Amino acid sequence: MLNKVNEAAAYILEKAGQKPELGLILGSGLGVLAEEIENPIAIPYNEIPHFPVSTVEGHKGQLVIGALSGKIVAAMQGRFHYYEGYSMQEVTFPVRVMKAMGMSHILVTNAAGGVNESFKPGDLMIIADHINYMGANPLIGPNEKEFGPRFPDMSSAYTKELVALAEGIAKEENIDVKKGVYIGFTGPTYETPAEVRMARILGGDAVGMSTVPEVIVAAHGGMKVLGISCITNMAAGILDQPLSHEEVIETTEMVKATFLSFVKRIVAEMEI
Ligand code: HPA
């Protein structure tokens, strides 16, 4: 895989003509952040050698490179999900490429269901830790030691300094940001109410269908990670109403302004 990763990285660097320092992965409905990038160079995924192609609604499927809050970023406008049928290695390929391009930091965002009953739709949650409930791991298979160790430490996969930075900014900006544990399920079904109760008993605060594989691969590569969930809905069974992708997109639309100003300030103040 190393060769493929390096080919993709070289292609992007050549096209971009600059070296991004921070990777951004933008979740469902959160791709608007890429529109804030100055002098953007957008590279559709299908042009990048060995990149999978994104299929889900609300995802654009391009890498956008340029300046955001004074840093050169490479933003994935749309990501690859395990439920689309991609392998875990395909889902996480872009993170390997980011690392190969020289990026040491990554900011991962997602839309998630609120499991913690004190949350409400529209809340932002800083991810303190995750539970991999996907029944799969992108590192299964031979370990390529150029990427990282066989048995990676996950005790600080979400970088504590970045969590503290985000919390401090939230406080200063008067944003009522939550912090908690993200539990990753495969999807594409939303969870049953019983699964949501289980998630809560296991220690989950938010549930979603992404992020976990990407963060595992980032941790494998020694990258510093910040994760932010947008709580788009209460998870199944908490409220007496069905869940829908439309609701997820509507909520991200509602929190857009807060999300954008929060993330832009985090990017500005991140020390890379
Ligand atoms: N469950 C799983 N993934 C999600 C949800 C949810 O309730 N909301 C947004 N993504």
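The backbone N, Cα and C atoms fix where each Cβ goes, glycine too.
Keep in mind that this is a model prediction, so the values were computed, not measured.
What TrEMBL lists as domain 'Nucleoside phosphorylase' is 22-268.
According to TrEMBL, the feature phosphate binding site maps to Ser28, His59, Arg79, Phe80, His81, Ala111, Ser210. Other Cβ atoms within 10 Å of the Cβ of Arg79 (phosphate binding site), summed over all protein chains shown, number 28.
For Asn233 (purine D-ribonucleoside binding site), the same-chain residues lying six or more positions away in sequence with a CB closer than 8 A to its CB are Gly113, Gly114, Pro121, Leu243, Glu247, Val248, Thr251. Per TrEMBL, purine D-ribonucleoside binding site is recorded for Glu191, Asn233.
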Express the distance between the Cα positions of His81 (phosphate binding site) and Glu191 (purine D-ribonucleoside binding site) as a whole number of Å. 16
May I ask which of the binding-site residues Ser28, His81, Ala111, Asn233 have a CB within less than 6 Å of any atom of ligand 1, listed in sequence order? Ala111, Asn233
Other C-beta atoms that fall within 10 angstroms of the C-beta of Ala111 (phosphate binding site): 24
Identify which of the binding-site residues His81, Ser210 has its Cβ surrounded by the largest number of other Cβ atoms within 10 Å, counting every protein chain shown. Ser210
